[in-house]
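Structure first, commentary second.
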Amino acid sequence: MIRGRLIIFSILIGLLVSYILTGYTVLLLILISAMIKTVRSADRRLTGLIIFSLAVVTIRMHAADDQFDPSDSIPEDSYLVEVKQTSWTVDGDRLRFQGFAMNEKVSHEVMVVHRLSSEQEKEERRALIPSHLLIEGELNQPGQATNFNQFDYRTYLNRKNITYVLYTNEIEDIDLAPSFLERAYKTDPLRQDLLNYCDRIFQPTTGRYIKALIFADRRELGAEVTETFKKLGIIHLLSISGLHVSLLIGMMDRIMTGMTVTRESKRLVFLFILPVFYIFAGFGISIYRAAMQAWIRYLSDTLDWHLTSLDCWGLTFCLAVFVRPVIIFSVGFQLSFLMSFILLFLSDQAFFRDLSGIKQIVLVNCALFAFSVPVLSFHFYELSWGVLFLNSLFVPYVTYLLMPALLILFVSSPLLALTQFGLILDELVRWVIVIMEKASLIIDQAMSLMVVTGRFSGTMIVLWIVFCILGLLQVEKSKKLISTIPVAALLLLLINVNTYSPIGQVMMIDVGQGDAVLIKEPFGRGSVLIDTGGLQVWNEKEEWQIRSNDYTLGEEVLIPVMKSLGIRTLDQLVITHPHWDHYGAMSELIHSFPVKTLVMNDFTKNHSAFRQSLSQIKEGALNVRIIKPDEPVKLTDQLHVIHDNWTDQTNENNQSIVLLGKYGRLDWLFTGDIEEVREKNIMKHFPELNVDVLKVAHHGSRTSTHEAFLKQIDPDYALISVGENNRFGHPNREKIDQLSGYPVSLFRTDENGGIRYTYSDLKYLDNYLQKKGAFNVMTDNDSKESNDENSF
């Protein structure tokens, strides 16, 4: 009754969990259709079991939703914190780790953030990881995304059952020795002991890779190597996955076969070893999938259940989503289960087995890549073509050379450590690693393999999957891989849909106390970013305080937002004037993202602080266009510079480049930080100027947007880019009251987050967008809850 049917359970449960968590009606319709088809083809007992299972999952999920409703913050208090030692990370002047915080009022799993006060404290915290700490601090909910398609740290932590970040004021080591059952992290100290052992016994290079590929601890892998492998599309080789579990099982099986261990005894050994390996590998989802799937298979063989490989996969899937339903949103979960399903499904098909060995390898690589694209696009907005051909180069190297070498080195270390032979072996393994790293760097420098896709919509994901299935059906029918060329052409068109979308967008990006407005025109005609924002650094850091992984506007906000829209090259970056909150992220952005032209005026170009930032950009990396005050300039067909012959240089804000644009049905005025005297000058030169949308100057300060100017331009919408609770008191209360006296729809980034306007050149599509609501905001004024329509 069950054999061959567990895959049906997993599909139905996956649809149910996805519908409950997202509320997408299309998922409910697919679930109902699948249920009807399943019930019609199944016997009564199987139907009853399916209905019972779906009911249990539904109850389980609603019970989990009702367990805890966190408040925004909990006042300062003292907490006893059990440290998850394998999460202990010292970076510059910041210590961060996961822990379980307890006192007489609360008991929560938290992320602890501690500011190190001195270099001595940094070295002490790096040298010794305590098991318990007494911490005085305040619990706050993690920050959430305030821009469309931005990484949401709150959601990320909540899905790991972490509801608060504990910001410390005082921290003190506590000597406690709770029993095994009293610990929140029962096996973590043992895993940390193994990591410490690697640090003591092996060279730094081999130790890092042993920790990464055997114990799933990638914290010490170099950022350059990790980024290179990501660009080449082979980042999965630096994480424990089904590949590594299969290799471990294969090596142990051969060893036991050589020792004439019986098949039944080998099964028992694996039933014991696999859970132990899962524990010491850090409970990662990829390890869970591979280890649990293999464990169920061995259990099935031992108990004569006769489950198929797909049944084992389905049961593994069901157990994962039942224990932690939100795991279905994890990119690791999606990729691990999807890729393993494709492999199992193909290996079970007769047409695949009839193909030659080379054709099987090509089809597997292409199928794995194709089915991974929607996941990669949704989460990362880009993918690498390298996975199509570099897997064939690097996977054998890792499988047959690096992984066996690391396992042999680790297993033999108790006997050979620090002996001459052990040191030679360690050095040989180091060279195996060095060769792999150097080869990856050479390939990365020789060619660019990354392509920006933008975030796929639900419709695009469905179409992509349908086309992939059609491709497999075509191979099954013709037995020729070349027959998939028409399907491949359709997939290539889909990859470019976001880049050449008929929908244009004007987006005020929330960069805190600063300005950044992104314009993407329909059909890929062009993209313009007006200012970049800039994080203020009030005190110069000493060398020991500098962090290798710090928050930046370019990497964390601007680039992800642009990539999510399918922007591959920024055509023009306009710096309105030389204030840090308008150009601070410029050099970082240009260093990390292709920019064709940098636009500025003479005043900005000659400003000393700005020139210092400009000097960090490689000469010849982009074109520089200088705007003259008396010269009419057209940046694009839709955007031109207002030339009001302003020459007074006594006020830096009034040196701002002012832009007038026409997007969709609306006229836009982008004002930089101009103040009243410059506004009057513009009124003098353009007495008929009238716009629909005003980017309120200088973050809504008292000195800008005066009454006469507002009356003349008569906007319907006013947008203010301003940081929440900023030290300057922006926007000015009187200015908000003034705007409220006009029939103006007011949006501000400190309350609404990112602000997005959509339009199209196609009349029917533009009518639909206007009817739906051309302006969208990221967060609601009162609740501050996410209102991102693209959230999955």
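Positions of Cβ are set from backbone N, Cα and C atoms, glycine also.
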- Please find, within the list 234-256, 395-417, 418-440, the residue stretch that TrEMBL describes as transmembrane segment. 234-256
- Note on the structure: Outside the transmembrane segment (358-381), at least 6 residues beyond either end, the same-chain residues with a Cβ under 8 Å of its Cβ set are 149, 331, 334-335, 338-339, 342-343, 346, 352, 387-389, 391-392, 452-456, 460-461, 464-465, 468, 471-472, 475, 481, 484, 491, 495, 560, 563-564, 566, 792
- Determine which residues of the chain contact the transmembrane segment (234-256) at the Cβ level, with the cut-off under 8 Å and only residues 6 or more beyond its ends counted. 212-214, 216, 218, 221, 225-226, 265-266, 269-270, 273-274, 277, 281, 284, 286-287, 289-291, 293-294, 335-336, 339-340, 386-387, 390-391, 394-395, 398-399, 403-404, 407, 440
- Message: How about long-range neighbours of the transmembrane segment (6-34): same chain, 6 or more residues beyond its ends, C-beta under 8 Å?
- Response: 50, 53-54, 57-58, 61-62, 307, 310-315, 317-318, 321-322, 325-326, 328-329, 458, 792
- Message: Could you tell me the mean pLDDT the prediction assigns to the domain 'Metallo-beta-lactamase' (513-724)?
- Response: 93
